[in-house]
Amino acid sequence: MPQTYAADLSSMAQAAQTTAQHGVATAKQHSKADPALCPTDDENKIMPAAKTFSFDYAWRSGVAGGVAGCAAKTLVAPLDRVKILFQASNPQFAKYTGSSFGVLSAMRDIYGHEGGRGLFRGHSATLLRIFPYAGIKFLAYEQIRAVIIPDKQHETPFRRLISGSLAGVTSVFFTYPLEVIRVRLAFETKSQGRSPLISICRQIYNEHPVDKTATARLPSAPSPVGEVVQETGKVVEAVTPRKGLINFYRGFSPTILGMLPYAGMSFLTHDTATDALRHPSIAKYTTLPKKANHPPGKPAALRSWAELSAGGVAGLISQTASYPLEVIRRRMQVGGAVGDGRRLRIGETAGMIWKERGFRGFFVGLTIGYVKVIPLAAVSFYTYERMKLILAIPPAAGQTIVPSATGEAGSPEVSLARASHLLIPSSSSATTALPVDAPTRFISSSERPVDLRSIYFAWLNRELAIPEYNASATALNAELEAGGAKVQNLGFIERLDLITWLEGASDESEYIKPLAGDAEAAGAAAPAAPATTKAGPAAQARAGKGTMDPRLASIYDGERRMGDRNTVLRGIKPTDFSHVRKLAAPFIQRKSQPSATTLPSTSAALSLNQKGPSRRPDPIILLSPSASSLLRLSNARSFLEDGKFVPPDAGASTVSMLHVQRSMRGVDATGRPVRFILVEGPEQFKPEYWNRVVAVFTTGQAWQFKNYKWSDPNELFKHVQGIFVGWRGDQPPDNVRDWGHRVLAAPVDRWRGGADAASSSRFRDKEAVESIWKTIELNMRSKGWRKDAAPTAI
């Protein structure tokens, strides 16, 4: 998990312990580009994107995978040589295929004729191929897995299978020519004569004879006919290319088909087996004890025998699933060595095997495969995991927050109801332990700080709808009741504001109290105005908005600042006159007061100056919960932000609220986007929230307003702008027409399925969107919405 969420929690916690103070000192050291992964992944193997896709992580993973593949292949090289000879039906070794001890007999035969080196014939080409093959396979699996399985919630057996299959296909595509060369070298025997590596490559490259069966089919044909056929064969032979790189991809199609189940089942079975071996009931027998500096959330390393067992089971299952296609592939690869060089298709090769040996022919050499695959897969996975430790590859699960019952580093994870501390990793190897009952800087509407447990609970359940979230809070409070603790159930506006801030999507929050250092810096900004010209632009821009990492500030200061025409023409002249307004505030206040009243004291004026303006609350838009509504939470963002209508059932939405942004110069002349909150009902509304409602989308059904502050539509639309979205050409419902101009009708073109998939065919949607936003903007301006102000009543 990236530092964003951990640093945010540390910055928010204001506990008395030293650990909490350290968390405050390192507050929110992140940028908006940092996404936050789910902190509940106790065994999450997903690296943050910044690390997984970095060059340093890539080359380390590739080298670790390459070394693992070479070690495993070297161990089973003699068995691999015998298996290839059996699969390819080498005439010299066909007599051993039906024997119970055929493998040992074949190995003894090879040793007697070619010596010990004969058992490793073709192994040099194997190592040349297996290092990039295994390196690419393990590297691709890590990269593809990080995309397909972004967090623990998405880690399903199917996604694991797909990740492994795609990783195997990627590695095979880049290394298949080396595999063809290796098989051809291993197929040759001493009695047949040995060919140098260059000769083998040249032979494969030039294999492309012409099919001469046409002449053979006419043995009794008249002489003129035979001559015509022969001349035709010569012409075809002359114009047909006799060489090409495509020869190095013989058997590629069945290889891909075989790799899909092999690599997919291999990684799926290994990951599933390691999860089972880490089960708490047997973990003390299968895992190594955690060290004191063990990163929180990282699963304990398996013992050697457990890791080897998981790899062996993975290889056994994957080999069985893909072996028939492997036999077909071997026969296609050696086609040029045992026949006329003609490339056989998958169907032809499968038919040939069935005709020669029947169903058992597709499993010839499977015994050798079983004997070979267990040590091969076991050593491969074992070596890869150990090489990751040797090369100091950062653990993927080492950046997770872990609830702990003791607060000691390396302590096991417990449920949130039993936890007394949260173990939060930092950028170094140190771990910060924060008490779960520590108050934070998040001040709820009840004017009291929210504890760390409640903040963490809100983050864990950020994807839940309001009813499910309330049910989870009730269940947790039932468990905490015995200890006298309680998790605070935040309102949905408070929860949305909190999650947005924790995810880094916004640096502002109307509920988070600024740090003491930030308030002092803001207060000192006015008298220090003449000296600010020497400070960097990042320091000036962040004044009063929160602390910033000095390293990040130096990066911002080195960037080129852009401005409009007037800003460029003014050059370096100061454009921020906020300190002038602060100095003038006391005099303006004195002038506006009656002369008989007592002038405010200097201290009172200073306290007024330090308070500063409050943040404007976000306006709210209510959508219709009706199933017949054309605009729901599932398609509202696409329509209101992108200007393209898609059916609401085109994408499922599990959220109970979302926010969209729109620039409204009639409200904020600076052009800064206004953030709107979209919900489908006011069930969780507080009375003051109705003052923030700026629009209500309706389908014309009066039952929608049953729980509204104004249940009568005629009264409701005197206070709030109504909007009806319907099909172009259809008349609005009678209710909508009766409500008159207070409800805007915004027609859109009917959805035509695939014909409307292209954005160019939905150009008229933007007209409807612009009319909606223009109406909302005019209504907000008339109600008193401004840059830093919102109406207190509507």
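Glycine residues also receive a Cβ, built from the backbone N, Cα and C atoms like all the rest.
Per TrEMBL, the features are:
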| type | residues | note |
| --- | --- | --- |
| COMPBIAS | 527-544 | compositional bias 'Low complexity' |
| COMPBIAS | 590-612 | compositional bias 'Polar residues' |
| REGION | 527-550 | region 'Disordered' |
| REGION | 589-618 | region 'Disordered' |
| REPEAT | 56-147 | repeat 'Solcar' |
| REPEAT | 155-276 | repeat 'Solcar' |
| REPEAT | 302-390 | repeat 'Solcar' |
| TRANSMEM | 362-384 | transmembrane segment |
Which sequence positions outside the transmembrane segment (362-384), separated from its termini by at least 6 residues, show Cβ-Cβ distances below 8 Å to it? 64-65, 67-69, 71-73, 75-76, 79-80, 82-83, 86-87, 97, 103, 134, 138, 266, 270, 304, 307-312, 314-316, 318-320, 323-324, 327-328, 350, 353-354
Return the average pLDDT for the repeat 'Solcar' (56-147) as a whole number. 80
Work out, from DSSP, the number of helix, strand and coil residues along the repeat 'Solcar' (56-147). 80 helix, 0 strand, 12 coil
Counts of helix, strand and coil residues, the repeat 'Solcar' (302-390), according to DSSP: 77 helix, 1 strand, 11 coil
